[in-house]
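Listed in TrEMBL for this protein:
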{"type": "TRANSMEM", "residues": "28-49", "note": "transmembrane segment"}
{"type": "REGION", "residues": "61-87", "note": "region 'Disordered'"}
{"type": "COMPBIAS", "residues": "63-79", "note": "compositional bias 'Polar residues'"}
{"type": "ACT_SITE", "residues": "Glu243", "note": "active site, proton donor"}
{"type": "ACT_SITE", "residues": "Asp376", "note": "active site"}
{"type": "DISULFID", "residues": "Cys439-Cys471", "note": "disulfide bond"}
{"type": "ACT_SITE", "residues": "Glu485", "note": "active site, proton donor"}
{"type": "ACT_SITE", "residues": "Glu510", "note": "active site"}
{"type": "BINDING", "residues": "Thr596", "note": "Ca(2+) binding site"}
Amino acid sequence: MPVATLLPFTATPSRKSASPTSFRLTEKFILLLVFSAFITLCFGAIFFLPDSISGVLFRSPPVETNTRTGPESSDSGSAGTEERNLDKIRRDHEKALLEAKDTLQKAPGVIKAEILTVKSQLANDRLLQGGNNLPVISYHRPPGATGHEPVDLETRTRRAKVKQMMKHAWDGYRRYAWGSNELRPVSKQGHSSNLFGSIKGATIVDALDTLFIMEMYDEFDAATEWVEKNLDFNVNAEISVFEVNIRFVGGLLSAYYLSGKEVFRRKAVELGEKLLPAFKTPTGIPWALLNLKSGIGRNWPWASGGSSILAEYGTLHLEFMHLSILSGKPEFAQKVMNIRKVLNRLDKPQGLYPNYLNPNSGQWGQHHVSVGGLGDSFYEYLLKAWLMSDKTDEEGKKLYYDALQAIETNLMRKSSSGLTYIAEWKGGLLEHKMGHLTCFAGGMIALGADGAPSDKTGHQMELAAEIARTCHESYARTALKLGPEAFRFDGGVEAIATRQNEKYFILRPEVIETYMYMWRFTHDPKYREWGWEAVQALEQHCRVEGGYSGVRDVYASSPNHDDVQQSFYLAETLKYLYLLFSDDDHLPFEHWVFNTEAHPLPVISKDKTDRPNEVE
Ligand code: DMJ
């Protein structure tokens, strides 16, 4: 219908002289209707204008300017308004000056604390606005995050040397492999293992806390910026749940607890959530491998008929307990507590835990038991779950000490020359081989000795010392003074690798980790000496221009480099060396527990179960 037919009052040839009074009643009615429709249209349109314009139209005038009611002319009105505005600015300035004066009278510590509170409030507000739905947490750094210079010169010099090694490892990575997972220090390029799928930056995340505790703040800031801008978990790739948890989740959690930077909490929780689909199995025992995009999991094809592996599903507990606290979501803790329930229902042959468990049937796979590869950190996490809970997790405690008893009875043996070692168990038969990985057990047993039933504390400390000695021997009996991947006690040899494929050294930390624990508990200077021997060997045989490399045969007279600088070299080996030459109040054991990748996590104080980072 043409618009003109609706508008009888618009100029038409037949209505040239018509006045409003001459309209007929129907015309008047239509006129009124159209007029009111027009007004409604104009009024309604205002709501569709951009904010900036509608604001101009509707903004209520500020109180000070809303005084145009008197006889003043419009000029004198605006002069008055200006005057009043100036007045207000003056008043605001005076107020701000007074507040600043007040603040300056406060102690610097108080001012700093107030700034931190405001900053953390702002960060939290931003976080909530960002839709992360993370609870507001007031951050307080647990004690001992940074240390101080040791008093004696030799220790100070050695500690400085380790820091310089960290700098060399980091600089090489930064220069040649920035953003890749690891560095190839000989060929000077990036390296990626398929353990991390297409997640990037393993070395950056693994090294964050080491940079912080060594007070390498410029490097820490660069790493933080990379995490903020580039760390991305939205990848369509399959990852190892265990490796991603211990290195990435663990690294991010530690970086958060040490620095208080919200970005680390946010990223840790985001990644934790991405790992949750791994638990979708009939028993809740997680898959080893998970596609982060599809959420589809599976197990390593070589693992005893589709089994999950003890050291993998058993090494999630510490990180997941912290994820629940930092996210306010109980789901993380529930998942790992369920793993314990499944294990508790099963019979353990001789009290031992086989390395393979089928996640569908909930039954053990092949009966292979080891405190090294495939089993190791499961035992470590039982003990540390108890310690991290401020010794409230009695179940974790009992499981640990019972398991250790079974290990001592069934797996620990003494060689003819008196070296204590931990063998592997295959369906009741012992293989007299000890892995480099197994050497962490010296530190673990020392850490647990104090909580053992009273008549066993001394005995467990002795066991720990004996294992430390055996592992030191495995280094001392090589040409390069670095330990092989595995060493044997059969066929007339002791603490020596006999197979070519067990002679390599990939910058692993376990032996040095044990020295660090033994030093803390005994202060026997030999542990620092043994650590220093390792530093010298690393410098001599592993240091190359681009960083540090593993070697293929520790019995060869000169090193054949494997051209990989493992991320755990920065996360663990160098951190444990640094702590070995630091005082005991740097990351003290009463306040911190190290995850299996040496990432320190705070003890969750029993009075503040819901606020772990407020430990005094
Ligand atoms: C690290 O990733 C962890 O220590 C893990 O528990 C075992 N292996 C490596 C280092 O050797």
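Each Cβ is built from the backbone N, Cα and C atoms, and glycine gets one as well.
Structure coloured by features recorded in TrEMBL.
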residue: Glu243; record: active site, proton donor; Cβ within 10 Å: 22
residue: Asp376; record: active site; Cβ within 10 Å: 25
residue: Cys439; record: disulfide bond; Cβ within 10 Å: 31
residue: Cys471; record: disulfide bond; Cβ within 10 Å: 29
residue: Glu485; record: active site, proton donor; Cβ within 10 Å: 20
residue: Glu510; record: active site; Cβ within 10 Å: 25
residue: Thr596; record: Ca(2+) binding site; Cβ within 10 Å: 25
Separation of alpha carbons, Asp376 (active site) and Cys471 (disulfide bond) (Å): 16
Sequence-ordered recorded positions from Glu243, Cys439, Glu485, Thr596 with Cβ under 6 Å of an atom of ligand 1: Thr596
DSSP-derived structure type at Thr596 (Ca(2+) binding site), helix or strand or else coil: coil
Cα-to-Cα gap, Cys439 (disulfide bond) vs Asp376 (active site), nearest whole Å: 10
Nearest of the recorded positions (Asp376, Glu485, Glu510, Thr596) to Glu243 (active site, proton donor), judged by Cα-Cα distance: Thr596
